[in-house]
Amino acid sequence: MGSTAPLRLPVIDLSMKNLKPGTTSWNSVRTQVREALEEYGCFEAVIDAVSPELQKAVCNKGHELLNLPLETKMLNGNKPEYDGFTSIPNLNEGMGVGRITDLEKVERFTNLMWPEGNKDFCETVYSYGKRMAEVDHILKMMVFESFGMEKHFDSFCESTNYLLHFMRYQQPGKDGRSPALSLHKDKSILTIVNQNDVKGLEFETKDGEWILPTADNHIVLLGDCFMAWSNGRLHSPLHRVTLVANQARLSTSSFSFPKDIIETPAELVDEEHPLLFNPFEITELLAYCFTKEGAKAVCDLKQYKAYTGA
């Protein structure tokens, strides 16, 4: 018998021509998005809102940022998860640029890293962040429509912040596969990742199998906050990064987070779907992730509920 073909994530075309609300193509993509987020919690996305030139430019800016002296990068340290400088020596380092759709905030971050200014960095990451936030907005709109929750959409989006995160992984120095980022779930609403042509991201299915998406497309994944909002109808997937020898990697990830409280709408609670999570604040969830209990639980929202009664 032949070998079983490797599992593949759904590939969804998010080209702007398909993203006009009310059209047949919109409705088709909306169905695909809902089904993928229910079954896998993630999918590969063909996105033309960001040109190859802009994607390459923002990747270069990520390297430029992470090439700064350690003492400079530490000026943006001691921040919540994703927003700030993090480093695991000889493995990876990352930096988040918060409030990426607010030009004034991006300028402030840029001036912190480069007191003499760096207009090109500021303009590039702001442009990229805005375009990715637009895609994120469209995806959330599709999800809300699919649940018949349009009346809650505007207030939900008004309570959303966007963040751009660069993560650079050192080239493994040994043969075979090498773990580069441990198993975890994102705490975001949505995350949109670009691997910049180097594979590494892996997702665990509900059945315990592993899927390795291609490095050709963006990858959209659902975070615990959106899972909680949906009352468990959407799936927040476990994932990790594993690299092979002779491959360095830099990823760019666009996150959307609630500004404060995440709460399940009453319309999504019924006898068949009892309330899974009480309202909780994102800052408290992120703080839990850094406790001993949170680290042991791969920062899982269900363990957070048991720990806090949320």
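Note: Cβ is positioned from N, Cα and C throughout, glycine not excepted.
Swiss-Prot names H184, D186 as Fe cation ligands; from the candidate set H235, H239, H273, the record adds H239 to that same site. Straight-line distance linking the Cα atoms of H184 (Fe cation binding site) and R249 (2-oxoglutarate binding site), rounded to a whole number, equals 19 Å. Comparing D186 (Fe cation binding site) with R249 (2-oxoglutarate binding site), their Cα atoms are 20 Å apart once rounded. Remark: secondary structure over the domain 'Fe2OG dioxygenase' (159-258) totals 6 helix, 50 strand, 44 coil, with classes taken from DSSP. Other than H184, D186, H239, the residues of this chain whose Cβ falls within 8 Å of the Cβ centroid of the Fe cation site are, in sequence order, L183, K185, T191, L221, P237, L238, R240.
Between the listed binding-site residues, namely H184, H239, R249, the fewest other CB atoms within 10 angstroms of a CB are found at H184. If you take the Cα of R249 (2-oxoglutarate binding site) and the Cα of H239 (Fe cation binding site), they are about 17 angstrom apart, rounded to a whole number.
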